[in-house]
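Inspection log for the structure reproduced underneath, given as structure tokens.
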Amino acid sequence: MACLLETPIRMSVLSEVTASSRHYVDRLFDPDPQKVLQGVIDMKNAVIGNNKQKANLIVLGAVPRLLYLLQQETSSTELKTECAVVLGSLAMGTENNVKSLLDCHIIPALLQGLLSPDLKFIEACLRCLRTIFTSPVTPEELLYTDATVIPHLMALLSRSRYTQEYICQIFSHCCKGPDHQTILFNHGAVQNIAHLLTSLSYKVRMQALKCFSVLAFENPQVSMTLVNVLVDGELLPQIFVKMLQRDKPIEMQLTSAKCLTYMCRAGAIRTDDNCIVLKTLPCLVRMCSKERLLEERVEGAETLAYLIEPDVELQRIASITDHLIAMLADYFKYPSSVSAITDIKRLDHDLKHAHELRQAAFKLYASLGANDEDIRKKIIETENMMDRIVTGLSESSVKVRLAAVRCLHSLSRSVQQLRTSFQDHAVWKPLMKVLQNAPDEILVVASSMLCNLLLEFSPSKEPILESGAVELLCGLTQSENPALRVNGIWALMNMAFQAEQKIKADILRSLSTEQLFRLLSDSDLNVLMKTLGLLRNLLSTRPHIDKIMSTHGKQIMQAVTLILEGEHNIEVKEQTLCILANIADGTTAKDLIMTNDDILQKIKYYMGHSHVKLQLAAMFCISNLIWNEEEGSQERQDKLRDMGIVDILHKLSQSPDSNLCDKAKMALQQYLA
């Protein structure tokens, strides 16, 4: 049975294969079972903490032989158990070791071992499985390939504290996404794991807690179930609250806070519940203090960011808890030159992971500033904050760049900040640089923020236009990613609002009529709505309306007709009728409507529609067409009277809707004048 390494065996590795390593493997083939057992035990002692020895034994083919012995019916239970222990030890080496074990199909062999009646052997197999499944190179799907595995693991939970610890650890590492959550939930994970929270073993309690955090994440079904689970007469949320008290280990506090956070975000616990406001939120803020380890501060800040993200009241409470906004500023000064860390290993680790702190701080600032103007002001006034965010936009880590862009996007929702801090720091410059070349996930947020910077009151609008934004945004509208198409067209819509004719002409030229009409037939509703919004903004002010309609009138009227005939919702049709109303406001452009009987019939149809919004939009078209003070109004009024429009106006003047009634009466006044 061959067992191949994914990476080629280098000569240097082979030269290091010692005679003693070969001797260990040779003993596995001894005809005397006792000698084989002793050989495996000696191998176990030789590989503990010795990665070089582990690599040597794998290269020499120890794994296939150990797996063969583990699966042989003639092997004693003691031998099988020792084989599982050695395999587990080999798995605790490098990621390459784990890959080699996976190549030899170790997982099916170990899962088969779980069917044994012997508890010690089962525990050894589970320990090895735990080590393999917690490795980043192991695909989680391998746990779910055989449908009998999960129910069997559930049954083994009652065997011992070790089976409980290892199985919960396997579940928490292999539960990635809703499909896995559903499988575990349907096989009774909640009921089977809940009572483990009161286990005498800390490790079991901890692994059970981790299980619940991954099961509840973004899962309303699991979260709603957890709220009502009783363990020894106590509800699960109450148990979680006890586990996040200050006297509990930090790991337990953090994981309990995550469970309650995920249940809250999934809608199972109210955001104003005391267990969130008075327990979970303060616990997570505590985790952000500089007394905590780097990974605790990262996890605390990221979990808190997730908890408060949709709720303005929680954002306000968090912002005034333990000086959180100032506390987060320390995330950017770590480790300091006079660091109190005396452990060199810890210092080396933290230097390598300091970017995770910056990422977490940006995420939490983004959540804190999502809604409240005062909080945004406090964040921006925190020492050098805008400089730090701008620096974050050019960091090498994609995750930090994404978090920095999200933070800026959150702060850019403030009219005041767009006019002041964003202008003072010329934020648009690094943002435009980010938009030139970034992964889609960053582009989506950066382009969304650009939409805010292009609002008409933003001082950044002019310099952004001068730096080639039109071409960049028109390029985004051709993206395969619908979110990028939406943002590209949205930003162009903002750019066109009350813009000069030159800017509007630039947009139309860069976008091209072909692309504009492709967007008008886009399957994504948001893209269609924003494209209609762009068209509406382009067709505003009479000279602009007449100019654009003189060059693009035929295509625009064609697009309007198609949308009004299509299966679109009320909002789409309302926006389209508003575009027609704008065209009807042009001096020469209105002729394109008056000479198009098909369009006139559609306007008439929508005047009698059951939905008031559409009736009002159609009324705007009619009002603009019949306005007395404009040249040719008499001919237009006569034509519309012949179509029966005046009769409809009389009916609408009796409408119970006051707005519609007033508009109809005003239109009738034009006929009487």
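Note: Cβ is positioned from N, Cα and C throughout, glycine not excepted.
Sequence annotations record features per position, and here Swiss-Prot assigns N-acetylalanine to Ala2.
Positions annotated as repeat 'ARM 1' by Swiss-Prot: 51-92.
What Swiss-Prot lists as repeat 'ARM 2' is 95-134. Computed over the repeat 'ARM 2' (95-134), the whole-number mean pLDDT of the model equals 97.
Per Swiss-Prot, the feature repeat 'ARM 3' maps to 138-176.
When Cβ-Cβ distances below 8 Å are used as the criterion, the repeat 'ARM 4' (178-217) is approached by residues 140, 144, 150-151, 154, 157, 161, 164-165, 168-169, 171-172, 223, 225-226, 229, 231-232, 236, 239-240, 243, 249, 251-252, 255-256, 258-259, 262-263, 266, 268 of the same chain, each at least six residues removed from its ends. For 178-217, the entry in Swiss-Prot reads repeat 'ARM 4'.
Sequence annotations record features per position, and here Swiss-Prot assigns repeat 'ARM 5' to 224-265. Using DSSP to sort the residues of the repeat 'ARM 5' (224-265) gives these counts of helix, strand and coil: 28 helix, 4 strand, 10 coil.
Sequence-distant contacts of the repeat 'ARM 6' (269-309) (same chain, six or more residues past either end, CB-CB distance under 8 Å): 223, 227, 237-238, 240-241, 244, 246, 250, 253-254, 256-258, 260-261, 263, 315, 317-318, 321-322, 324, 327-328, 330-331, 334, 349-350, 353-354, 356-357, 359-361, 363-364, 366-368, 370. The repeat 'ARM 6' annotation in Swiss-Prot covers 269-309.
Feature annotation from Swiss-Prot assigns repeat 'ARM 7' to 313-352. Note on the repeat 'ARM 7' (313-352): residues 271-272, 276-277, 281-282, 285-286, 288-290, 294, 297, 301, 304, 307, 358, 360-361, 364-365, 367-372, 375, 378-379, 382-383, 385, 388 of its chain, located 6 or more positions outside it, place their CB under 8 angstroms from a CB of the stretch.
As annotated by Swiss-Prot, phosphoserine applies to Ser337 (among others).
Tertiary proximity for the repeat 'ARM 8' (374-413) is limited to same-chain residues at least six positions away from its ends with a CB under 8 Å from its CB atoms, namely 315-316, 319, 325-326, 328-329, 332, 355, 358-360, 362-363, 365-368, 421-422, 424-425, 427, 430-431, 433-434, 438-439, 441-442, 445-446, 448-449, 452-453. Per Swiss-Prot, repeat 'ARM 8' is recorded for 374-413.
What Swiss-Prot records for 458-497 is repeat 'ARM 10'. Sequence-distant contacts of the repeat 'ARM 10' (458-497) (same chain, at least 6 residues past either end, Cβ-Cβ under 8 Å): 418-419, 422-423, 426-429, 432, 435-436, 440, 443-444, 447-448, 450-452, 503-504, 506-507, 510-511, 515, 519, 522, 524, 526-527, 530-531, 533-534, 537-538.
The repeat 'ARM 11' feature in Swiss-Prot is assigned to 501-540.
Around the Cβ of Ser512 (phosphoserine), the same chain contributes no residue under 8 angstroms that is 6 or more positions distant in sequence. Marked as phosphoserine by Swiss-Prot on the basis of a large-scale study or a structure entry: Ser512 (among others).
If you look up Swiss-Prot, you'll see 543-585 marked as repeat 'ARM 12'. Tertiary proximity for the repeat 'ARM 12' (543-585) is limited to same-chain residues at least six positions away from its ends with a CB under 8 Å from its CB atoms, namely 501, 504-505, 508, 513, 516-517, 520-521, 525, 528-529, 532-533, 535-536, 592-593, 596, 598-599, 602-603, 606, 611, 613-614, 617-618, 620-621, 623-625.
The repeat 'ARM 14' annotation in Swiss-Prot covers 634-673. The list of residues near the repeat 'ARM 14' (634-673) in space but at least 6 beyond its ends in sequence, with Cβ under 8 angstroms from a Cβ of it, reads 590, 594, 600-601, 604, 607-608, 612, 615-616, 619-620, 622-623, 625-628.
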Provide the three-state secondary structure of Ser512 (phosphoserine) computed with DSSP.
coil
DSSP says what for the repeat 'ARM 10' (458-497): how many helix, strand, coil residues?
29 helix, 0 strand, 11 coil
Would you mind listing the long-range same-chain contacts of the repeat 'ARM 3' (138-176), meaning Cβ under 8 Å and 6+ residues beyond its ends?
98, 102, 107-108, 111, 114-115, 119, 122-123, 126-127, 129-130, 132, 183-184, 187-189, 192-193, 196, 199-201, 203-204, 207-208, 210-211, 213-215
